[in-house]
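Going by TrEMBL, these are the annotated features:
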- 114-187: domain 'Cation-transporting P-type ATPase N-terminal' (DOMAIN)
- 166-188: transmembrane segment (TRANSMEM)
- 200-218: transmembrane segment (TRANSMEM)
- 352-373: transmembrane segment (TRANSMEM)
- 393-423: transmembrane segment (TRANSMEM)
- 888-908: transmembrane segment (TRANSMEM)
- 920-937: transmembrane segment (TRANSMEM)
- 958-981: transmembrane segment (TRANSMEM)
- 993-1012: transmembrane segment (TRANSMEM)
Amino acid sequence: MESLLCEKWELQPKHSSTEVLQRWRDLCGVVKNPKRRFRFTANIAKRHEAAQMRKTNQEKLRIAVLVSKAAFEFIKGAKMSNYTIPDEVEAAGFKICAGELGFIVESHDLKKLRLHGGVAGLADKLAADAYSGLSTADLPRRQALYGLNKFQESPPRSFLHFVWEALHDMTLMILAACALVSLVVGIATEGWPRGAHDGLGIAASILLVVFVTASSDYRQSLQFRDLDKEKKKINVHVTRNGYRQKISIYELLPGDIVHLSIGDQVPADGVFLSGFSVLIDESSLTGESEPVMVNSEHPFLLSGTKVQDGTCKMMVTTVGMRTQWGKLMEKLSEGGDDETPLQVKLNGVATIIGKIGLAFAVVTFAVLVQKLVARKWGDGTSLVWSGDDALELLEYFAIAVTIVVVAVPEGLPLAVTLSLAFAMKKMMNDKALVRHLAACETMGSATSICSDKTGTLTTNHMTVVKACICMNVKEITKPEHASALCSELPQSVVRTLLQSIFTNTGGEVVVNKEERREILGTPTEAAILEFGLSLGGDFQGERQGCKILKVEPFNSTKKRMGVVVAVPGGLRAHTKGASEIILACCSSVLNQKGEVVDLDNAYFNHLKETIEQFANEALRTLCLAYVELEDDFDEQDSIPASGFTLIGIVGIKDPVRPGVRESVALCRSAGVTVRMVTGDNINTAKAIARECGILTDDGIAIEGPDFREKSLKELHQLIPKIQVMARSSPLDKHTLVRHLRTTFNEVVAVTGDGTNDAPALHEADIGLAMGIAGTEVAKESADVIILDDNFSTIVTVAKWGRSVYVNIQKFVQFQLTVNIVALIVNFTSACLTGSAPLTAVQLLWVNMIMDTLGALALATEPPNEALMEKAPVGRSGNFISNVMWRNIFGQSVYQFVVIWFLQAYGKAYFEIENYPNSDLILNTIIFNTFVFCQLFNEVNSREMEKINVLQGILNNHVFASVVGLTVVFQIIIVEFLGTFANTTPLTMEQWKASIFIGFLGMPIAVILKTLIPMSN
């Protein structure tokens, strides 16, 4: 079966094409309820609509750009158009409507923008202040007129909707028709109420199945809706009431001033106010991969696009469903998530077994009808058919249909979503947000984790603890140390240092609503700004004292950032970044007296040793430098890459997170290799890696530039031994991940937080983005968001992934056992005796035990520590393992033998041969025994290899509740619902015998595990 599944039902965890998704749907030949079976799969038609919308957007923007270029020449001579302000807009205190704003930005209409007075004119008409932002008092009327920044979503499905979907089960509809015919014929021949028992019994069973199924599905839908809400939580920095603050993107209104930086998603349509080097990636909206430059000449920003480079302030103009992104999101949300590999594989299992079951059902019905015809032929009544004969024929048909109900394991694919929904909800509590269903199960197969250092292995709470300024190394662990350093340095050096710190930064020092000083920006920027403030610096004073002309933001390729400022007497460029890279850019240095001197070998070696010393102490090192520029420097020119004067080196401490070493050790014992991939200095990386337990004596630490120069043959020998990669670029990370996946067939999880990590996150089997430090671009490319940026949470995700995989295996083992036994028992009995021991109502109850209730019990087992003691499944493991086949066939043989023995010798054994209703009693005993066999087998399925299956059973309240309720309902069905369920009350001895036979399945399982050891 595994080879058949691999051949036709294989699906990649990520990026499957529409053709592949459609192929397995076409293979599903036996589907009882398409609405339910395909509920948690991608809606290919809606995705096609979304793709068409992207093409339309691309064409619209292309035309808009051409039109705006053509109109540009006529703008100067143009006069104000005859735009009429709608009455309701004017009454609200504004001078432009939402439709006009939307048209200007969406169509990139420069002409209309200029006619409205440009960006400043729009701000005036929106009653917005570009510096202090919106006033809180103004928000209600603005919201009433322009709407909220929310996208239209499909309304939540009610419980009755799921009841309606459950009723679409083809086999249940046929059984309902049988129940109706049985009711009519029964009442006509036997009268009321005796003639209605069989029909009402089937109808009641159908309703019970429908309501239990609908309840389970409704519960799942609520869990997924909660998770969807979490996925959509995105905050942005805005200025309101004169203060910088974080708000949800759904609270944005036209006129809001939003601060964007590299990696952010543009939260609404708007216009550029100020900023530097802004490149926008519009591929999510238009499919166009070429980034667009945004500045005061081309100021339009579209919702849903990504900031690829630069920083800026924008003013929101259009929100919600008035934007193209809002309309596209509506289609995308209807498109649904991709189905997971296990969902597809289990659809394959359901289809294969369904076809076998259908064949068995047809043969069973044919055999039963043949027996009836033969009996009537023998009685000489073959031409005379009574109402009883019709009812008997109908009962045979109902049994055949119910065999299909039991045989087609429709619950298998849905057990995956049930288990995933349960796991994803629990993982949220463990600080992991799963964005794509497939990642949850794929993480359980992970064999390699490539982790960032900063913020993942370390706390991301950074402080400058050492500095080398003017060639002197000083510790700065206390406030008085900073004061002492400041007094020792020449004032000219202090001024240059503070200018470098406060102008060349992506952070900001602001006063918050509580009138307290707050530092905004990355932890690295915050640490350096805090250092500048401790030296007595004034952020706002430095920024106002010089004019910033050009900014080159930090990115992980250049590993440095730069700024050009106009200072009294000329232009100056400041740069900051990776210590070796900045040192290589320098040709001079500030000596002990604060004088600029040539960077000779003695100074160079001293600085290099200082960097290594800091790095060996696990400090992150950064260099600060400056260069004086000529007056003819053009803003379009790049900041120079050489000729700088080194101001100093700072050593930043970022402690290792508590519990990381233990988590790394746990990964190693679980067969998962942990590698550190960082942009930091190699000595810093090695020191941290040793502290975390990642770097061992036989492991290799390598730098990105060295890694890039290796030949393919060298890489194949080197990669398995690499444990640390320092000074790596995004391309290095991508190359490492690609080789691990393709050459070494590993299942790779990768962490990332920056925009440039997106390719590696996309390439990896599981992309893990950081929730705190991660950019929106990284989160968009990731499969799981680690909300606390903690490596230990990644290990928890792996544990839950393994739990999902194993839980589904348990459920499959349990359900296939029931399938096989129910099929063979009814088929052989029909062939040998001419009747089926399990009636339609009984089979429906068994189907509910093994389908919905079985999935609830087994697919929601929480993870245990033993899961991390086994090697990962990897990419090539068989889902239905040898261990599972052993357990399935062992239990099936035992149960079949027991049922056969009861059919053949049950009357004699229980001494009921002379009872008038001996057949009914025996069939009730068989039914009762069969159910208890399944219940004890359900307990057996909790552990596929371990002997002790009872460990922790009471800790799983769902499992205990399901088993308890099944026993209670079984007692009620046998003792009190005999008229409808074709049962009769049993004696205490008969009950004990049924339970004991079921219980014997447990020692049988122990014997199988002991005498027939299997390897997966």
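Sequential numbering from 1, following the chain as shown.
Glycine residues also receive a Cβ, built from the backbone N, Cα and C atoms like all the rest.
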Per the Cβ filter (under 8 Å) with a sequence gap of at least 6 from its ends, the transmembrane segment (200-218) is approached by 36, 39, 157, 159, 162-163, 165-167, 172, 175-176, 178-179, 182-183, 398, 414, 418, 840-841, 844-845, 847-848, 851-853, 855-856, 977, 979-982
Long-range Cβ contacts under 8 Å made by the transmembrane segment (166-188), restricted to residues 6 or more beyond its ends, are 31-36, 194-200, 202-203, 206, 209-211, 213-214, 217, 387, 390-391, 394-395, 397-398, 401-402, 404-405, 408, 410, 840, 844
Highest Cβ pair tally under 8 Å against the transmembrane segment (993-1012), stretches 393-423, 888-908, 958-981, lands on 888-908
Per the Cβ filter (under 8 Å) with a sequence gap of at least 6 from its ends, the transmembrane segment (958-981) is approached by 197-198, 200-201, 204-205, 839, 841-842, 845, 849, 853-854, 856-858, 860-861, 924, 927-928, 931-932, 935, 938-939, 942
Model confidence over the domain 'Cation-transporting P-type ATPase N-terminal' (114-187), as mean pLDDT, sits at 85
Reduced to three DSSP states, the domain 'Cation-transporting P-type ATPase N-terminal' (114-187) has 47 helix, 1 strand, 26 coil
Counting only residues at least 6 beyond its ends, the same-chain positions whose CB falls under 8 A of a CB in the transmembrane segment (920-937) are 814, 817-818, 821-822, 825, 837-839, 842, 845-846, 849-850, 891, 895, 898-899, 902-903, 906-907, 910, 912, 963, 966-967, 970, 974, 978, 982-984, 986, 990-991, 993-995, 997-999, 1001-1002, 1005
